[in-house]
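The annotation domain 'Amino acid transporter transmembrane' is assigned in TrEMBL to 10-353. The annotation transmembrane segment is assigned in TrEMBL to 20-42, 63-87, 107-126, 138-157, 193-215, 235-255, 275-292, 298-322, 334-356.
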């Protein structure tokens with residue numbers, strides 16, 4: 001519920017859109033709201049006598065609330081899976097092009113082929129596991145690779161400091177984890193939540209600030225789209241990122257399948273239904289990722305349509321309805337503010353996404369990659385234009 005792996009590659013882009021100070025402030029604010037909302041879920045569960053997010057919402061808002069929550073819980077990982085496939089196609093094609101004999105026209109440099117093959121050989125077989133515990137080693141590998149990715153971004157930040165920059169813009173599985181605690185108390189849960197969210201916040205800020213400081217206004221929706229194709233260290237980072245994405249995909253598929261199982265099959269899938277639902281989910285997200293390749297708008301839509309209601313709106317609404325106190329009084333003041341902020345963010349986010357669609361430079365080399373020497377400062381396009389106009393005037 002806190003953040004998908006995909007968030008890390010898109011965090012520098014969020015700073016590009018919001019501006020450095022405001023972007024960092026929003027990262028910290030969202031971390032605090034997430035921390036508070038996770039604790040709020042357990043408080044709501046205690047008030048309603050329920051032990052899951054679904055049962056909490058169903059006891060509070062009935063079958064309608066349950067269905068709305070189920071839709072959001074399905075869309076959040078499903079859209080993330082689409083993002084994973086987009087990144088797999090963008091990332092691994094550039095990795096393969098560093099192999100001898102593989103050029104831009106080679107089949108291994110074709111994103112559709114790479115997405116299809118990775119789906120058939122890796123993500124689909126892993127997604128067919130019924131027990132999520134069998135993916136434990138795969139999840140550990142993904143976490144280790146994430147550390148290598150962060151190190152790559154930090155190292156490359158120093159080597160890219162001489163590149164031309166645009167102006168810097170100064171403008172959900174809580175109950176399951178709670179049930180696994182030996183001491184199931186609100187104070188113990190709060191401590192675990194603070195440590196988890198705090199750690200995620202620190203890593204997110206480090207990744208976002210480093211990536212944005214490297215490329216500033218040129219930062220793309222996927223930060224690895226900014227690195228040049230002949231950069232071997234970035235190629236290693238792309239490889240780690242691609243593998244970590246592939247190994248995380250099945251976890252998201254497990255969540256979407258679980259939602260489908262709870263809504264349509266009363267929580268139990270036989271072997272045939274398990275395979276059929278998995279194939280349908282994987283095929284749908286693969287088809288969408290083959291048809292659409294711009295990561296930035298996918299991240300925006302997932303944030304405003306799915307994440308915002310799940311983190312801002314629903315936990316606060318449940319607690320406020322169950323609480324005996326009036327709104328904006330006592331402990332209800334913060335949930336009220338979070339609820340209002342969530343509605344505002346969701347509404348304005350959707351409006352902005354529709355009215356101001358973001359450009360996407362999918363798979364294109366950035367202009368500063370024209371030189372193979374990263375230590376040489378390439379001339380920005382605006383300066384080249386000025387030089388040409390000066391020469392023509394002579």
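Every residue, even glycine, has its Cβ placed from backbone N, Cα and C.
With a cut-off of 8 Å between Cβ atoms, the residues of this chain six or more beyond the transmembrane segment (107-126) that come close are 84-85, 88-90, 92-93, 96-97, 99, 135, 138, 246-247, 249-250, 253, 278-279, 282, 286, 289-290, 293, 363. With a cut-off of 8 Å between Cβ atoms, the residues of this chain six or more beyond the transmembrane segment (334-356) that come close are 33, 36-37, 40, 297, 300-301, 303-305, 308-309, 311-313, 315-317, 319-320, 323, 327-328. Three or more CB pairs closer than 8 A are found between the transmembrane segment (63-87) and the transmembrane segment (298-322), so contact between the two stretches is assigned (pairs 6 or more residues apart). Contact between the transmembrane segment (20-42) and the transmembrane segment (275-292) does not hold: fewer than three of their C-beta pairs are under 8 Å, each pair 6 or more apart in sequence. Residues 5, 8, 126, 203, 206-207, 210-211, 213-214, 223, 227, 231, 233-234, 236-237, 240-241, 243-244, 247-248, 250-251 of the same chain lie 6 or more positions beyond the ends of the transmembrane segment (138-157) yet place their CB under 8 Å from a CB of it. Counting only same-chain residues 6+ beyond the ends of the transmembrane segment (275-292), those with a CB under 8 A from a CB of the stretch are 78, 81-86, 89, 112, 115-116, 119, 123-124, 127-128, 253, 256-257, 260-261, 269, 298.
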